[in-house]
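Annotation source Swiss-Prot lists active site at ASP136, ASP461, citing sequence analysis. Under the heading transmembrane segment, Swiss-Prot lists 24-44, 49-69, 533-556, 569-589, 615-635, 674-694, 702-722, 733-753, citing sequence analysis as support.
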Amino acid sequence: MAESSSPLPPLCERISHKSYFLRAVDLTILGLLLSLLLYRILHVNQKDTVWIVAFLCETCFTFVWLLITNIKWSPADYKTYPERLDERVHELPPVDMFVTTADPVREPPLIVVNTVLSLLAVNYPANKLACYVSDDGCSPLTYFSLKEASKFAKIWVPFCKKYNVRVRAPFMYFRNSPEAAEGSEFSKDWEMTKREYEKLSQKVEDATGSSHWLDAEDDFEAFLNTKSNDHSTIVKVVWENKGGVGDEKEVPHVVYISREKRPNHFHHYKAGAMNFLVRVSGLMTNAPYMLNVDCDMYVNEADVVRQAMCIFLQKSMDSNHCAFVQYPQDFYDSNVGELTVLQLYLGRGIAGIQGPQYAGSGCFHTRRVMYGLSLDDLGDDGSLSSIATRKYLAEESLTREFGNSKEMVKSVVDALQRKPFPQKNLKDSLETAQEMGHCHYEYQTSWGKNIGWLYDSTTEDVNTSIGIHSRGWTSSYIFPDPPAFLGCMPQGGPEVMVQQRRWATGLLEILFNKQSPLIGMFCRKIRFRQSLAYLYVFSWGLRSIPELFYCLLPAYCLLHNSALFPKGVYLGIIITLVGIHCLYTLWEFMNLGFSIQSWYVTQSFGRIKTTCSWLFSVLDVILKLLGISKTVFIVTKKTMPETKSGSGSKKSQREVDCPNQDSGKFEFDGSLYFLPGTFIVLVNLAALAGCLVGLQSRGGGGSGLAEACGCILVVILFLPFLKGMFEKGKYGIPFSTLSKAAFLAALFVVLSVGN
């Protein structure tokens, strides 16, 4: 007999974005690439090295496109209904929020403060939230800023919830004046809150330039005589919410932590900091879910926690199998759509397989999954199976895995069994928390190996992600509008190059460690297509080699007077391939509202970062594998725009927020990152000039218009370097780089013509 009542509406829905037309385009491009390879094979000449090199490069490009096609085949994401949450869930689960910072100079405390304030003010019961700030720089300035911010939070949080403010980072919210009647209650509250924020900002700025406050309070005694790489563990409760009823005026817990560091002890960078956050939060609040954000990624959507809970609390098999919920990363100071396009098309594509990769920020994790639980360890109702209970809950096993802290072991048992954690005084856990921050606490445990954030890579996020997927778990992707989190991009070419090198190096490290998808696709529970998706990401660095060669081949052939591309009717393969690919990628950008210029900048920077920054990642990994050197984690510099009231003019948020409208100019410095790009431009210019003056060698296979067009296309893609040769200051290429590149280019021309 059917029930009379209709089923309850879902908290979330999985949305498929399949497009048979886009699949056809992907397959067409793949077919053209295979046709080009077939032509190379049928017309190969053993004496023609260029032909063989071109074939090898194009084989790499074909394999990369095959991986892209696999990713984009079945895109999906989730639509959530947070307004249904209160009707469906009697009591919302607690959430621990983690913020990580490492350098008060490159990551100014005011940026950290704004991120923390935005987290404290989210639309979620304050008694269910706790914010933990990890300071790997052990900076008293960061701690001072947090103390002052916790005072301002008592004004900011009630203001946001009273008026349902969407953007809850003060520095961004106060950039525009409100449209409200003068003298109204809102207007008065707005003015008062803005004044208090300006006082907070001034205090932080004054403290940055002076240290008199350091000796004025006993609370800073722990920071005396400390260095960023040599100090004891510091754990301090900045603010404790003792109300515990979820009132709108309450402010969630705020805890400052800085783990012990010693010069002769490797600290595993951000992964080590995250694992200490997990342990301390497990002692104090032990929430079943954890959000982690970088210090510059503020909350841009107040319902962000509720949206994630819609995924976790949905009563379905998919939700029981979901290990983490990832939000896309977006930036308030960038008008270039590369990351947006990448996340929308490739991010959704991976989400349609086994789930998105963990991106290092803007991600909600399940605590017991981070404690090493596998999907096979769960019963149908999501609880531990009898075998898993014996495996995980034996005290001896837990001590060996998690360390010798009894309090930590007890919190792990509670988390694995999903027991509610009783409220307690946070300061009662301070002594144990400090012990767990010692350098030797993780020695002979599973932290960083099977538990928590995984080590052995500077990209701890993706390394941890593939470890989770290899245990059978899935993940979910939410693509909200407006973006859930916004951060700041590294400003200038050198900073971007450093970041790209770090990413590519870390990803390539994983390709050669035990988490490699080449191993996982055969002997772990990660799906085959998901392994291929990871392989696409991990091979970023390796792509630099064929791309570098392919940027030089047209110039070599023009100088050597040999053919690179097919002739006659077969040239149509190349023309059609390039034309379809350009139109396809241009459509992807314009479909999302980006301009043709944004598309060009992305295509240009794609070649620049691959041949310049990613190239050094290959060298880094080779030296590491040979034991000659170790990879180093370099913190990228964060900046924030000044807080100024707007004039009321109607501008988009990106236009208002972007602090550097001198964009479009590429910045250079004297580092080696810019040597390959300068060399490529000089070589292709020399080849074009040599063709015009008849410098080509005699008796070659005959280069032609196609090779000349190839050189022109390379110069267009590396146009920032061409402009940099005529600019001065930070926008100009240093003479030392130009002279080195010119010498290499001259050598290349001589060898090409001579051969």
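One is the number of the first residue shown, and numbering goes on along the chain from there.
Placement of Cβ uses the backbone N, Cα and C atoms for every residue, glycine included.
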Below 8 angstroms Cβ to Cβ, which residues of this chain, lying six or more residues outside the transmembrane segment (533-556), approach it? 50, 53-54, 56-57, 60-61, 64, 67-68, 70-71, 349-350, 353, 357, 462, 466, 469, 503-505, 507-508, 510-511, 516-518, 520, 526, 562, 564, 607, 610-611, 614-615, 617-618, 621, 676, 680, 683-684, 686-687, 707-708, 710-711, 713-714, 718, 748, 752
Give the residue from the active-site residues ASP136, ASP461 that has the most other Cβ atoms within 10 Å of its Cβ, counting over every protein chain displayed. ASP136
Within the same chain, the residues 6 or more beyond the ends of the transmembrane segment (702-722) and with Cβ under 8 Å of it are 493, 551, 553-555, 557-558, 560-565, 567, 571, 574, 603-604, 607-608, 665-666, 674, 677-678, 680-681, 684-685, 687-688, 691, 696, 733
For ASP136 (active site) and ASP461 (active site), determine the Cα separation and express it in whole Å. 17
Reduce the DSSP letter at ASP461 (active site) to three states and note it down. helix
